[in-house]
Amino acid sequence: MAWVDIPEDSDFSQHNLPLGVFSTPSTAPRVGIAVGEHILDCHALTRDGLVDGAYSLRGPTINEHLALGVDGWTAGREAIQSVISLTSELARSPEDAARRYLVRQGGEGVQMHLPFDVGDYTDFYLSREHATNVGTMFRGAQNALMDNWTCMPVAYHGRASTVSVAGGEVRRPWGQVGKPDSGEPPRLMPTRCLDFELELGYVYGGPGNALGAPVPLDDARARVFGCCLVNDWSARDVQPWEYRPLGPFTAKNFITTVSPWVVPLAALEPARCALPEPEPTAHAVLPYLALDDHARAKAAFDISLQVSIGRPAVEGKAGNPWEAVVSRSNTKWLYWSIDQMVAHHTVSGCRLRPGDLLATGTVSGQAETAYGSMLELTWRGSKPLDMPDGSTRCWVEDGDVVTIRGSATGRNGERVGFGECKGTVVPPLAQFPGCE
């Protein structure tokens, strides 16, 4: 129990305690913890000496805390749980404590910021269903899943510079659009096929590994602090022309949206579950990626995810606001685990550092309603989705608000939520040097 008022259906109970960064009109960006409908001001708590063991939470980002490793994360979590408990000295006068240390989420002038400085961003391709769907579209059903896919967690290097906190605008990008192997020249134009990608992102922590030193599979779990929701926006008509032979570039580098709260893995331990069974025709996984039966039984997470498309009310314009859920998926269907992601990422000796973001790639299930992108949901634009206002969608349109939500179930049945990862699509730049 806590002295902070926490609604029963809240994403943010005292069992969760996700970290984020916020500011108010009178304060600079600082670390906070979501508790119910409020933000617990960690800077104020450390200033007043109320959280021994959590002084790493006094800064403008959570990177200092990320660098501590498991022992430091545990100490910080226990300190915060103690300070909000009914046995805390703050519980003697909860009204005064709330005035000094709580800020209402979404209150006037309260702004959320990127919770951590992203050193590097790697986007994986962990969903067997997503990889099969995309392969079927572009290579045919007989060659849907490439032969290397079951041997390693495939990934590409993304752009840390465009990782942005949710809640802002997503500007429709320009890019080269062409028809591969047609002999026709490409055109520079705004994408007509803007897409979302439903993903989970893992936030790396601990001291990091030395250059040239792989992280063994058994050590990988202790190198990940927590996770957040990710939308890796994509321009699907730009992607086919440019991705040969080195993979996507401008089709994916324009913005990646992350939720403002990072949920500690400690809060998600009760949601651990078994990885899916390996492909029966797959090559044997090499020893550095091989999990024994005991490890496989707890290597995945049962986190329910959903995506909605909506339109807000606009002053002076007719029409009611609406929101439609277009996908419901789950991370328990991912083929590879976070332990394997870290082990493979570093097998070459690549350094990982606190604040690196490792995203899962699109999370899709077997059912069509569980596909994690418009590319799949509309099967490359051939099966439009019906919206509540009578319109249809093949791709995301200007004015659409795309919202990702996610939650797991805690040890006592409580909700362990991620909040929202939201972005509003706005029109492309009208012109710039070199555009048509």
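Backbone N, Cα and C atoms are what each Cβ position is placed from, and that goes for glycine too.
Just so you know, TrEMBL annotations never went through curation; they're auto-generated.
The candidate list Asp52, Asp71, Asp232, Asp237 contains one residue that TrEMBL assigns to the Ca(2+) site with Asp123, Glu197, Glu199, namely Asp232.
Taken as a whole, the domain 'Fumarylacetoacetase-like C-terminal' (124-425) shows an average pLDDT of 96 in this prediction. Thr256 (Mg(2+) binding site) and Thr362 (substrate binding site) are 13 Å apart (CA-CA, integer value). Here the binding residues for substrate are Tyr125, Arg139, Gln239, Tyr243, Thr362. Their largest Cα to Cα distance works out to 19 Å. Residue counts for the domain 'Fumarylacetoacetase N-terminal' (15-115) under DSSP, helix first, then strand, then coil, are 39 helix, 26 strand, 36 coil. With the fewest other C-beta atoms within 10 Å around its C-beta, Arg139 stands out among the binding-site residues Arg139, Lys252. Comparing Glu199 (Ca(2+) binding site) with Tyr125 (substrate binding site), their Cα atoms are 10 Å apart once rounded. Sequence-distant contacts of Asp232 (Ca(2+) binding site), defined by Cβ-Cβ distance under 8 angstroms and a gap of at least six in the same chain, are Asp123, Gly158, Glu197, Glu199, Lys252, Thr256, Ala359, Gly361, Thr362.
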